[in-house]
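Copied over from TrEMBL, here are the features:
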{"type": "TRANSMEM", "residues": "6-28", "note": "transmembrane segment"}
{"type": "TRANSMEM", "residues": "48-71", "note": "transmembrane segment"}
{"type": "TRANSMEM", "residues": "77-95", "note": "transmembrane segment"}
{"type": "DOMAIN", "residues": "114-239", "note": "domain 'Type II secretion system protein GspF'"}
{"type": "TRANSMEM", "residues": "222-241", "note": "transmembrane segment"}
{"type": "TRANSMEM", "residues": "253-273", "note": "transmembrane segment"}
Amino acid sequence: MGTLTIIFTGIAVTGLAWLVQAGLKFAYSRYRASFTDQAHIQLSEVFLFLDPVQLWFLTVFVAAALGLVAYGLMQSIALTLIVSGVALFCPPWLMRWLRQRRHARFECQLPDLLLSLAGALRAGAGLQSALQTIVTQSPAPLAQELGLVLKEQRVGVPLEQALSSLRRRMPGEGTQLLVSALTIALHTGGNLAETLERIGHTLRARLHLLGRIDALTAQGRMQAWVMAGLPLLLGLVLTGLEPDAMQVLWHTPLGWGVLMLVGVLEISGIFLIRKIVRIQV
């Protein structure tokens, strides 16, 4: 009876280990494919021409290295897994942040573009020559995006289609207004300079209002990060002062459960505060 129990237990453990290994392998392959596909798209959108496969292997190496450092410092498997997981998921967050930052910079440059374009049209320049002049004098990302529009037009793409591609790459309200105004002017004509000037002044006033809102809500956003960082800092300080008492938190299943609960509450608090201080204009 005892022998059969040992045999069946061994078979069950072996099957469970195989299922875990297969699940981890499937999850690894799926996340790697998703990572490389999204990295290729998002890196090209921000004009960073890196190999997604090399970026993936670099991310895995950094995650493993940080996990080893965390284990060497704290001797905690839970903390090691958390650090490695955060490092593994950081690049997609970073790429999304770079994309949002690029979109915000493009929106901030649009009022100057529209006013310069209106002035050039009033001076008698054509639309394409005015865009070419602005591209040579403007910083990134405005120069890069408009330069791509002009390159597409030079290879035979209609201007309306090139502008639609610009709107798809930069889906902001200012870009929508710019593309709509130029598209309507291409079909119906009209005083394009006056329209662009009016849109430019409107976008400048909107950016000024957004800047004031951003300044007024800065304290709330900072409170979210202070709230998130304070428990972690307090835990590290207590670990240095009372390492024996903190062993329960870092090295027992009960402590790991508490850490997971704290992490969930922290993330929920950050998202809640950011949602409160986010004001739509």
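Backbone N, Cα and C atoms are what each Cβ position is placed from, and that goes for glycine too.
Predicted automatically and left uncurated, TrEMBL annotations should be read as such.
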Beyond the flanks of the transmembrane segment (77-95) by 6 or more, those residues with Cβ under 8 Å of it: 35, 38-39, 42-43, 46, 55, 59-60, 62-64, 66-71, 250, 255-256, 259, 263
Helix, strand and coil totals (DSSP H, G, I; E, B; other) for the domain 'Type II secretion system protein GspF' (114-239): 107 helix, 0 strand, 19 coil
Mean of the pLDDT scores, which run from 0 to 100, over the domain 'Type II secretion system protein GspF' (114-239): 85
Within-chain partners of the transmembrane segment (48-71) [C-beta distance under 8 Å, separation at least 6 from its ends]: 32, 35-37, 39-40, 77, 79-85, 87-88, 90-91, 98
Surrounding residues of the transmembrane segment (253-273) on its own chain - C-beta under 8 Å, 6+ positions past either end: 78-79, 82, 220-221, 223-225, 227-228, 231
